[in-house]
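Participant: There's a structure below that I have some questions on.
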Amino acid sequence: MEETSKLQLPESFLSFLEANGLDPSIYTHGDSIPRYVRLKPGFEDAFEEIESEINCKLEKVNWLPGFYSIPPDVHIARTKAYQQGMMYGIDAASGAAVSALGISPGDHVLDLCAAPGAKLCMMLDLLGQKGTATGVDVARHRLAACRTMLLKYGLAERSRLFLADGTTFSVPPTRNLPCESCVDDHEDTFKQWTSRRPYKERKQEAKARKNSVLPQNGQAEIIFYGQGSGVIGLKKNELYRSLDQNDYASYGYDKVLVDAECTHDGSIKHIQKFEQWGWKTLERRVLDAERTDTNLKALQLNLLRNGFRLLKEAGTLVYSTCSLTHAQNEDVVDQFLSENFSAELQEIEMAKDWPCRSGRTPKTLRFDPSTSATSGLFVAKIRKLTPNEAKKNVL
């Protein structure tokens, strides 16, 4: 506990931990958690060059393909390997959540809380040259950073980014038509994306960015789409077409990740940063009573509900948060399952080799610094049953 007191966690945060049955000593592990990177497929030959540049070994993470660990004090932002898009930083626990989706080439995948974009990058890596990935977020500036990341790593081709409320987002995946066969000159038709947009559009975006607001009409706003995302050639009413629930069952997303907004108390390094940012900032961003009580759980539950609504029959959804609390994890999943007979919590088969422990709800998993040498993360895998399977589930 000596190191905990050295960090001088504020009383408000200690009270939050006590109320949720969490041990403050977990925050002494921050300096011992490795930094994790994912090497982009195709850059395996640059392995020795990268090690030479960062002056340390890339230790292979045996339980998670493509991942490597480096000492926590090694910074990669200024390295050629990072700047040229050979590798990106992503915690191994977050990588496990993406892996649990079981993404296959050709899938249409949705990341309902996508920014800043590392998990979306991994999804696109797993898709390869087939399928599409759609990212949604409520923050325009964070989506802009996400777009920059996709372009930097050469992963923008099959991606779409939407500014939207994840609890109401309803844009289905697009068929990936060759753009040459579907482009017309109609002014309402999506052409190839360009950052050079009309002055009026840029002015509106600058105003929205200043006010940090979602589109006033409540409709999702597409802020980026790649050449092979299926958007080019569509008219706006085709992109934003509304489907009923039966349509989503057939034409929804194959895989959905709901890495929900939370109190971030399991992100040990994130919490430690508040020592420099100021603990008042922690109280405002993380511990606001209104945010951490009914409203936050309602947000998480609604994100989960909507993600499941957008999921295709027999599709897979992963719900995760970087909170260590039961209220934001098992309680949310348990309530969701109790009201959805077509939802089945599934075992994550590949997790037999993962350094994690079971959650309070069977088949759910928890990563934490002491067990996993990662940030804290809760992971639950849910399958949407077909109508016949759902009937059996009720019986």
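Any Cβ shown, glycine's included, is placed from N, Cα and C.
Not my notes, these are from TrEMBL:
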- Cys322: active site, nucleophile (ACT_SITE)
- Asp137, Asp165, Asp259: S-adenosyl-L-methionine binding site (BINDING)
- 1-385: domain 'SAM-dependent MTase RsmB/NOP-type' (DOMAIN)
Participant: List the Cα distance (Å, whole number) between Asp137 (S-adenosyl-L-methionine binding site) and the residue listed as 'active site, nucleophile'.
Facilitator: 17
Participant: Just checking a number: largest C-alpha distance across Asp137, Asp165, Asp259 for the S-adenosyl-L-methionine site, rounded to a whole Å.
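Facilitator: Between the most distant Cα atoms of the S-adenosyl-L-methionine site, 14 Å.
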Participant: Mean pLDDT across the domain 'SAM-dependent MTase RsmB/NOP-type' (1-385), rounded to an integer, is what?
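Facilitator: Over the domain 'SAM-dependent MTase RsmB/NOP-type' (1-385), the predicted model scores a mean pLDDT of 88.
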Participant: Which one of these binding-site residues has the most other Cβ atoms within 10 Å of its own Cβ: Asp137, Asp165?
Facilitator: Asp137
Participant: Fill in the CA-CA distance, Cys322 (active site, nucleophile) to Asp259 (S-adenosyl-L-methionine binding site), as an integer in Å.
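Facilitator: On Cα coordinates alone, these residues lie 8 Å apart.
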Participant: I'd like the number of other C-beta atoms within 10 A of the C-beta of Asp259 (S-adenosyl-L-methionine binding site), please.
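Facilitator: Here the count is 21.
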Participant: Near the S-adenosyl-L-methionine site, what residues other than Asp137, Asp165, Asp259 in the same chain have a C-beta no further than 8 Å from the centroid of the listed C-beta atoms?
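Facilitator: My list of surrounding residues reads Leu112, Cys113, Ala114, Ala115, Val136, Val138, Ala164, Gly166, Glu261, Leu303.
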